[in-house]
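> Below are the structure tokens for one structure; questions will follow.
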Amino acid sequence: MFSHKPVGAVETTEAAPAKINLALHVTGQRTDGYHLLDTLVTFTEAGDVIRIHDAPGDGFSISGSFADVLRQATTKENLVLKARDLLREAAGARARPVAIHLEKNLPVSSGIGGGSADAAATLRGLRRHWNIDIADAELAEIGLKLGADVPMCLARQPLIARGIGEDISTIDDMPVIPLVLANPLKGVSTPEVFKRLKSKTNPPLEHRDDNTWMPFLTKSRNDLEIPARKILPDIDDVCDLLRKAGAQLVRMSGSGATCFGIFKTIEDAKSAADQLRRQRPDWYVQATKTIGGPAR
Ligand code: C5P
């Protein structure tokens, strides 16, 4: 087990759950090029972890299955450090030097939050660690500067996001959903997927009747799936194998390439994940379940 914390130092730990777009409708485009969305989002128990402790000077370290991919990118581009710097500007003198450790368990550039989830966990974690009085709304404004998905990752509970992702309505009655996440470990560029989208003015999510989650999900879609499949045909293979493993509904999350399959029970999800791992040992495959209800 990796440990970077000096003996006796107080550590703040913050989970960075994966973000799943259960449905994503592209309803328009802003004049600055960003797309308007109507997206149903939830979060999973699977995710990255941020650990923070005081240090003589700022530091940053990474461990976990996907640490190497991030280490190859320049540190300056890391959203964790951008989040730290932005919050420090807002926090002033209370923002003492910190060592931040990122346990990178989620594949990078994969449509399930990744960098946005890490940035959001850094903002939440540092707000606690520095004990600063910044309201959720202000934290979301800071988050939006880092990426369109950061405000929803800050909320980390089932929600519908509109605008480019910043107009959030939380949902308190979504059940816990067993899932398998699968990714062929080939990245897809988000701007490229949006660029290839044929129709940018699609219908929004339909109205949901009470207690009818599966029919509601079945009626919805991810508008980014067709352009993403054109860029990366492996996504077809991912969806096919999830379906053959018994998923009730299969869909891509975000701009891909991670797809999820919904299963009846966590046991079903675990055995489907075992089957997929045997079939495609070089993929990222993870059985997990969503975090239901309001954020704790
Ligand atoms: O905001 P973020 O850095 O996550 O977005 C990456 C890219 O994805 C943007 O530069 C933009 O090209 C595209 N995007 C978009 N509409 C959104 C979100 C992202 O066009 N709502």
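Glycine is no exception: its Cβ is also placed from the backbone N, Cα and C atoms.
What TrEMBL says about a protein is an automatic prediction, not a curated fact.
Computed from a predicted structure; not experimentally measured.
If you look up TrEMBL, you'll see Lys19, Asp149 marked as active site. Per TrEMBL, domain 'GHMP kinase N-terminal' is recorded for 78-154. As annotated by TrEMBL, ATP binding site applies to Pro107, Val108, Ser109, Ser110, Gly111, Ile112, Gly113, Gly114, Gly115, Ser116, Ala117. Summarising the annotation, TrEMBL assigns domain 'GHMP kinase C-terminal' to 207-279.
Show me how these features fit into the structure around them.
Cβ neighbour count for Lys19 (active site) (all protein chains, 10 Å cutoff from its Cβ): 26.
Mean pLDDT, taken over the domain 'GHMP kinase N-terminal' (78-154), works out to 96 on the 0 to 100 scale.
In sequence order, Ala16, Pro17, Ala18, Lys19, Phe43, Gly47, Leu106, Asp149, Cys153, Gly254 are the residues of the chain that are 6 or more apart from Gly113 (ATP binding site) and have a CB within less than 8 Å of its CB.
Asp149 (active site) counts 30 other C-beta atoms within 10 Å of its own C-beta, drawing on all protein chains shown.
Within the domain 'GHMP kinase C-terminal' (207-279), the DSSP-based counts of helix, strand and coil residues read 39 helix, 9 strand, 25 coil.
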> Count up the helix, strand and coil residues in the domain 'GHMP kinase N-terminal' (78-154) according to DSSP, in that order.
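Helix (H, G, I), strand (E, B), coil: 47 helix, 6 strand, 24 coil.
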> Quick check on the binding-site residues: of Gly111, Gly115, whose CB has the lowest count of neighbouring CB atoms inside 10 Å?
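Sparsest of the binding-site residues Gly111, Gly115 by Cβ contacts within 10 Å: Gly115.
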> Identify all same-chain residues not among Pro107, Val108, Ser109, Ser110, Gly111, Ile112, Gly113, Gly114, Gly115, Ser116, Ala117 whose C-beta atom falls within 8 angstroms of the centroid of the ATP site's C-beta atoms; report them in sequence order.
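Near the ATP site, beyond Pro107, Val108, Ser109, Ser110, Gly111, Ile112, Gly113, Gly114, Gly115, Ser116, Ala117, sit Ala18, Lys19, Leu106, Gly254, Thr258.
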